[in-house]
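Heads up, the thing below is written out as C-alpha cells.
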C-alpha cells in the first residue's frame, strides 16, 4: 500500500520549487523540443551587413531542405570581440556546435585545444575532400597533420574598375577587360591614363587608420616577388628587406594626390568609387554588393601581377568545431551534414562576391555567367594568407601593428626602409612571447 | 508649563528604559539583524571588489591565458616583462600626456562657462542644458560624431581649415594631431560635468559679498578675481582630482575614434591592458600591467594628499 503523502508546508514548497526549476532547466537545454526529433544546432558567425543577409538566406535554404536539424545562428561583432567570445566558449568546453573563423586564426587556437579536429573520412563520405578545393585553400585548413577548418570561401583583395571611365580612357581590351600590365611602371602609366578620364582620382584606396587595408595591399605586392614572410616560433622574422621596401615605396607612389588621394580612409575611398568619381578601387570582394546597389558600371579583376609572381592577399571564412567537452555524436554528425550542405549550396555565397572554396560550385556553368565574380575567380589559385604565427590573421593585432609602423610612409612621406625596420622589431617582440593557447610550449603539431 | 512637564517626564521615562539591563539574547538578535541588513552590500563588496583585487594579484604571478591554458606560477616574470616593455611605457606616457593635455582645458573652460552662465548670460536654463547635454551621450555616439568631424575628406574640421586657406589634416591618423583630436572630442564631451560643479559652487557664494564689493566700486573682473576665484578653491581641488582620475582612465573614446587600431601615439595604458588580456589572451601579463598602473595611481594619490595637507597647514 502506498503510504499517504505527509508533507509540511515548507517541504511542499521546496519540492514544488525543485520541480519547477527542473522543468525550466530542461526547457533551456539545447535542442530540447518536446515531441520532435529535429536537432537545433548552434552556429556562431561574424557576418553582418550584406554578408549577413546572404548568410541568413543560405541558412534558410539549408534549414528548409531537410528536417533532421535546424541551424540557430548567433551573429557577433567581427574582430576581437568575436574571437574573444569564441575562445572563451571553447575554453569552457560548452561551445556552439559549429562556428565561422578566418582560416588564418586557427593556428593560434589549435595548440590550446580550443578547436576540435575535422575527421577527413567523414568529410570525404559527404563529398568534401582535397580534390574539391583549390590546393592552397584546402591546405590552409591544416595545422600540422590535423584539419581544423573547412573553408567556405576565399575573399581576396581585388581591383574593381569603372568600365565607363576605363573605356573612355582606352585601357580596356576588346572583351571589355582591363588591359594587362606586368610592371609597376606600366601600371602607373595605365592609372595616369585613367586619371585623365576620371572626375576624381584614377584610383581609390583607403588606408588611414586601417592596418588591415595597408597590410592587404602590401603583402599581396610582397608575395608577387615570389616570397613569403616567415615567422618561426621563438626565432626572428624573415623579411626580405628589398622586396618589402620596394612594395611599400610603390604604395607611396600611388598616393601622390594625383593617382590616388594622399589622405583617404576606407569609407571615403569606397564612397569615391561608388559615386563614379574614380576609375579604380582596391578593396575586398565583400564590397561587390555595395557597387551593385550603387548601379555602377563596373567590373573586377585580380590586382595586376607587377613583380613576376601572381599572388593576391586573401583570407577564408571557414567552418570550425569549437571544442566541446562532451560532444553529442548525433549532433556532431549533423554538423558535418550542415557543413557539406553549405559548401554545396555556396553559389548564393558567390553572389555576395566571395569566391566559393568548393570547386564544383566555381566550375559550374552558372558561376561562369556570374559577372564580375567569374573574372577574378582565378585568384583562388593564387591566394596568399597571412604569415603563420599565433598572433597573425584577420582581426589580429599583427595587422594593426603593421599599420602603425608604415602609415607615416603613406601619409607623410616617411622613409620606407625605417618603417619596415620598425615593423620587424615589433614582430620580433611578438615572436618572443609565448602562444597564450600554449604558454608552456608543449604542443607539437 | 504642562507641556514642559510632560516632556520632562517623557525624557526621564525614556532614560530609565535605556538603563534597563538587556538580555544577551536580545542584543545578539539585534546584531544579527544589523548583519542581515549589511550582508547584501558586504557580499557584493567581497565578490565584486575584494575578490577581483586578490584574484588579479594571484593572476599577475601566473601565465594564465584567456583560452584556459597555462596558470603556472611564474614569480615576478610578468612584472619584469612589464617594466622592460617599451609599449607598456609608451602607453603609460600617452596616458599621462593625455591627462595633462585634457585636464587644463577641462578645468579652465568649465570655469569660464560657469562664470558666463552664473553672471553674464540671459536664459540660463538653455546654456545649462547646452553645456551639459554632450555629457549625457554615450562614448560610442560621441566617437561617431567626432570621426565624422575629423574625416579628412568630408569632415567639418577640414572644411574650417580650408575656409581659412589652410591645408587639410588627417586629424585622427596623423601621429602629430591624433592625440590632440581625442583631447578636443573629450573636452567637448565631458566639460559639462565640471561646469555643473563650478556652477553649483558659484551659486553658493553669498550675493552680499558681490553687493558690498559693488558698493566699494569693484567691477565684474575685480569681483571675479577677488571674490569668485578664491571662494572656488575647494571646488577646484575636487574637480582637479576627479578630472585627473577620469583622464587616467582614457580608453573608450580613443579606442572607438581610431577604430580599435593600435597607435603608438594614442594607445593608453587601459587599452594596452585590454589588448594584452583580450586580444593576445595573456591574462597573467595583463593583470601585471594593471597593478603597475595601479601603483602609478597610488603615487599620484599620495602626492595629491601631501600637497593638500601642506596647503591646509599653510592656511
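Placed from the backbone N, Cα and C atoms, the Cβ positions cover glycine too.
Nobody curates TrEMBL annotations by hand; they come from automatic prediction.
TrEMBL lists B:32-54 (among others) with the feature transmembrane segment. Proximity of distant same-chain residues to the transmembrane segment (B:32-54), defined by a Cβ-Cβ separation under 8 Å and at least 6 residues beyond the stretch ends, is recorded for none.
Among the features that TrEMBL reports, domain 'ABC transmembrane type-1' is placed at B:92-304.
Per TrEMBL, transmembrane segment is recorded for B:96-117 (among others).
The transmembrane segment feature in TrEMBL is assigned to B:129-149 (among others).
Using a Cβ-Cβ cut-off under 8 Å and counting only residues 6 or more beyond its ends in the same chain, the transmembrane segment (B:179-201) has close neighbours at 94, 97-98, 101-102, 105-107, 109-111, 113-115, 117-118, 128, 131-135, 137, 139, 142-143, 145-146, 150, 171-172, 231-232, 234-235, 238-239, 242-243, 246-247, 250, 253-254, 257, 265-266. For B:179-201 (among others), the entry in TrEMBL reads transmembrane segment.
Taken from TrEMBL, the feature transmembrane segment applies to B:232-251 (among others).
The annotation transmembrane segment is assigned in TrEMBL to B:288-307 (among others). The list of residues near the transmembrane segment (B:288-307) in space but at least 6 beyond its ends in sequence, with Cβ under 8 angstroms from a Cβ of it, reads 56-57, 60, 78-79, 81-83, 88, 92, 241, 244-245, 248, 269-270, 272-273, 276.
Within its own chain, the transmembrane segment (B:232-251) has Cβ neighbours under 8 Å at 95-96, 98-99, 102-103, 106-107, 110-111, 182, 186, 190, 194, 197-198, 200-202, 268, 270-271, 274, 296-297, 300, 304, 308, counting only residues six or more beyond its boundaries. Tertiary proximity for the transmembrane segment (B:96-117) is limited to same-chain residues at least six positions away from its ends with a CB under 8 Å from its CB atoms, namely 124, 127-128, 131, 179-180, 182-183, 186-187, 190-191, 194-195, 197-199, 201-202, 224, 228, 232, 236, 239-240, 243-244, 247-248, 250, 254, 268. Within the chain carrying the transmembrane segment (B:129-149), a Cβ under 8 angstroms from the stretch's Cβ atoms is held by residues 113, 117, 155-157, 172, 181, 184-185, 188-193, 195-196, 252-253, 256-257, all 6 or more beyond its ends.
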